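One structure is given here, and the rest of the page talks about it.
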Amino acid sequence: MTRQHFGTDGIRGTVGQPPITPDFVLRLAHAVGRVLRQTQERPVVLIGKDTRISGYMLESALESGFNSAGVDVVLLGPLPTPGVAYLTCAQRASLGVVISASHNPYPDNGIKFFSAQGSKLSDAWEQAVETALGEPPAWTNSANLGKARRLNDAAERYIEFCKNTFAQDLSLKGLKIVLDAAHGAAYQVGPKVLRELEAEVIAIGCSPDGLNINHEVGATHPDTLVRAVHAHHADYGIALDGDADRVLIVDATGRLYNGDELLYLMVADRMGRDEHVPGVVGTLMTNRAVELALQARGVEFVRAKVGDRYILEELTRRDWALGGEGSGHLLALDRHTTGDGIGSALQVLQACVRSRSTLAQLLAAVTLYPQVLLNVRLPPDQDWTTNRLLADAIQAVEQQLGASGRVLIRASGTEPLLRVMVEARDAQLADSCAQRLANAARAGWQGHTSLKNAPPMGAN
């Protein structure tokens, strides 16, 4: 049976449109509660959220749905996704729920779940919820209704968890760090963690109003951070996204380092301390230069499908700890059960402090191949694999690039977009090929029979 509502990272959409409506979210929570009650007499669910204005409404709907199924609820308030995962495990809750659409703008929102162990839930569990959604509600009698309470020190508990991942004999004293929390879930905890580790912190993107999450700030708009690092003559800049499960870092020169580079640095730091790293999981998008640099160190590299869910599955299957993707989702399963933007940033800063080296020095072995990523809006009910013009263009581009480049075409798991990626040793070639593929996709959907408007192969 196929899943109707769950995507690659829970359920996500535009608020007020199915499935992100109060009535559906209430039914969803009720269905999840019924699944939990099959194995637990009195389940307890933790609910956290980011700073979107719709979070209040959806939080109330979840609370009502869970209580109606006989499930108790603990409200955490605004908290990074990894904080919810941590507290779900630490509080021995039955389930963790996050209300967030991650890096998307405020009109979107979503619901995602964590198991009692703080990890993403299985396809089988999601299918069980889909099945329960298709059945009539089974309202619990009044005597067995659930209750709700707030965990007032949730943020402080997560702050301590983050600090405890940093070496006790090191600190950030003497470092000036700009933190951009994207007006999102880490707007309070992010600056506090860094300050309590003795850094001088300039906080930007830390004034949420319910409508400004991810708006020209955060990991999806790193230029804002780069400008702030220059303006404040900072040593480092840290960019998080709306739910703080991803991170990008800027050095004192304004150079931006993506998740691929930070993943390599984390591996190199561990190996430099004689830790064994048997293998690393990236994605189909991971830069080829990182793969080669890891292999040169004797580290096996495996590509999973795009998305931290699939990285996690592959890491678990192989019993490895480290994985990540260029967007800044980084996994260190011996530190946390899920991607943690603040925790990953601390690992990187710790490596710099311990070695007394800059990011550029630590990443001297990696020179990324130019990559061009374009987004093409997918028309409703269109299967990109049947686009004949795009298929022909892919074949032509792959022949031109040969072994020195890569083409990756995929549908986004969270938005109605086709992702077009071209990687080549030459930046202009990568750009022209990506533009050709994007134009081919658009032309194919518009019913065109040729690519007259596409740039010629190899054009600047």
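All residue numbers here begin at 1 and follow the chain in the order shown.
Positions of Cβ are set from backbone N, Cα and C atoms, glycine also.
Over all protein chains present, the Cβ of S102 (phosphoserine) has 30 other Cβ atoms lying within 10 Å. Annotation comment: Swiss-Prot describes S102 as phosphoserine, evidence class sequence analysis.
What Swiss-Prot lists as Mg(2+) binding site is S102, D241, D243, D245. Secondary structure at D245 (Mg(2+) binding site), as computed by DSSP, is coil. Of all the Cβ atoms in the protein chains shown, 33 others lie within 10 Å of the Cβ of D245 (Mg(2+) binding site).
In the three-state DSSP assignment, the secondary structure recorded for S102 (phosphoserine) is coil. The feature active site, phosphoserine intermediate is assigned by Swiss-Prot to S102, with sequence analysis given as support.
Apart from S102, D241, D243, D245, the residues listed for Mg(2+), the same chain places the Cβ atoms of D50, P80, T81, S100, H103, G184, A185, L240, G242, A244, R246, G341 within 8 Å of the centroid of those Cβ atoms. In the structure as shown, the Cβ atom of D243 (Mg(2+) binding site) sits within 10 Å of 34 other Cβ atoms. If you take the Cα of D241 (Mg(2+) binding site) and the Cα of S102 (phosphoserine), they are about 7 angstrom apart, rounded to a whole number.
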